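Some features that TrEMBL has for this protein:
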type	residues	note
REGION	1-27	region 'Disordered'
BINDING	Cys14, Cys28, Cys31, Cys37	[4Fe-4S] cluster binding site
BINDING	Gly67, Lys68, Gly69, Gly70, Val71, Gly72, Lys73, Ser74	ATP binding site
Amino acid sequence: MENGQIPENANEHCPGPQSESAGKSESCEGCPNQQICATAPKGPDPDLVAIAERMATVKHKILILSGKGGVGKSTFSAQLSYALAAMDFQVGLLDIDICGPSIPKMLGLEGQEIHQSNLGWSPVYVESNLGVMSIGFMLPDPDDAVIWRGPRKNALIKQFLKDVDWGELDFLIVDAPPGTSDEHISIVQDLGAASIDGAIIVTTPQQVSLIDVRKEVSFCKKVGVQVLGVVENMSGLCQPMMAASKYLRMTEAGEEKDVTEWVREYVKEKAPELLNVIALNEVFDNSGGGAARMCTEMGVPFLGKVPLDPELCKAAEEGRSCFVDQKSGTSASALKKIIDKMMENQGISRVLVDNDA
């Protein structure tokens, strides 16, 4: 427990040896360190001072959260980072999803390794103004499972914050795992003295996702993190009616016959004005009002909707920005509006200009 660090053999949800409840809380029962923690002298964690010093060169710190997995949180984190870097901001993307690090793939950085310098760990750079840090760079095999208890996860998150040489950043985007577990408590506590701007919460439209998002909003309110807004992702399947659709016809024998080419040729000849029509199909049930209604009920900003776009999915799979070409037109446009709204709500553009002046 050197420097107040949580020992690796501690129980899950360990409050930390410096906590007033160390050795006394329910989560301490049966821990081999219980007696030591209960009698150890209490005081400020020296690592938090180091984190505050490291984060002093980072202007804005934004958490990306979700109530459940599979809603596109990491995709949003990656594309937000790409967008901010394209605006000539200095951007860092920190992946604290210890058990499911997908950021290296979504940034096209699979197989890269972390390098050490005299200033600490160096982020892996996509571009000169976009650096990334993830446990994914530390795994000898990308298929290796990370089977760690909470204390070890928390120790690595703390190390990412105090030992990574982020340099001068306009934005540090933190991609967190789904839920409200140890990693979330750790990042909020560790950045407590470094001034978090707030959190963007990503959801899908259906109630089964929004139920968990409500818990995420409650978590933010309880720990004092401002909710910058909620993004409704996968808000309908959006794609050109002719470009990607496949058309089938049922035969009298009940078999499916592919008539895609016939439909396309027919439309070209008979109704060419339909060639540029975008088809939007609702995939999830949003009859309950979706994220917009939830935001109204919980008093948090609604930033907008992003459609389920096959081209955006492809950009994430290939580790590239969806903003560099016209392929992801609908999703890229929606994401840009959301990012602009978030920055406008927080006055971030003006603050950065003033700081740079």
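Backbone N, Cα and C atoms are what each Cβ position is placed from, and that goes for glycine too.
As the structure is a computational prediction, the values presented were derived from the model and not from experiment.
For Ser74 (ATP binding site), the nearest of the binding-site residues Cys14, Cys28, Cys31, Cys37 in terms of C-alpha separation is Cys14.
Cβ proximity to the [4Fe-4S] cluster site centre (mean Cβ of Cys14, Cys28, Cys31, Cys37, cutoff 8 Å) flags the following additional same-chain residues: Ala10, Asn11, Pro15, Pro17, Ala22, Gly23, Ser25, Ser27, Asn33, Gln34. Spatially, by CA atoms, the binding-site residues Cys14, Cys28, Cys31, Cys37 include one closest to Gly69 (ATP binding site), and that is Cys14.
Report note: the ATP site is defined by Gly67, Lys68, Gly69, Gly70, Val71, Gly72, Lys73, Ser74, and the residues of the same chain whose CB lies within 8 Å of the CB centroid of those residues, excluding them, are Ser66, Pro178, Val202, Thr203, Thr204, Ser209. Per Cα geometry, Gly67 is the residue among the binding-site residues Gly67, Gly70, Val71 nearest to Cys31 ([4Fe-4S] cluster binding site). Ranked by CA distance from Gly72 (ATP binding site), the binding-site residues Cys14, Cys28, Cys37 have Cys14 at the top as the closest.
Take the Cα of Lys68 (ATP binding site) and measure to each of the binding-site residues Cys14, Cys28, Cys37: the nearest one is Cys14. Other Cβ atoms within 10 Å of the Cβ of Gly70 (ATP binding site) number 10 in total over all chains. Separation of the C-alpha atoms of Gly70 (ATP binding site) and Cys37 ([4Fe-4S] cluster binding site): 38 Å, rounded to the nearest whole number.
Taking the C-alpha positions, the distance from Cys37 ([4Fe-4S] cluster binding site) to Gly67 (ATP binding site) comes to 33 Å.
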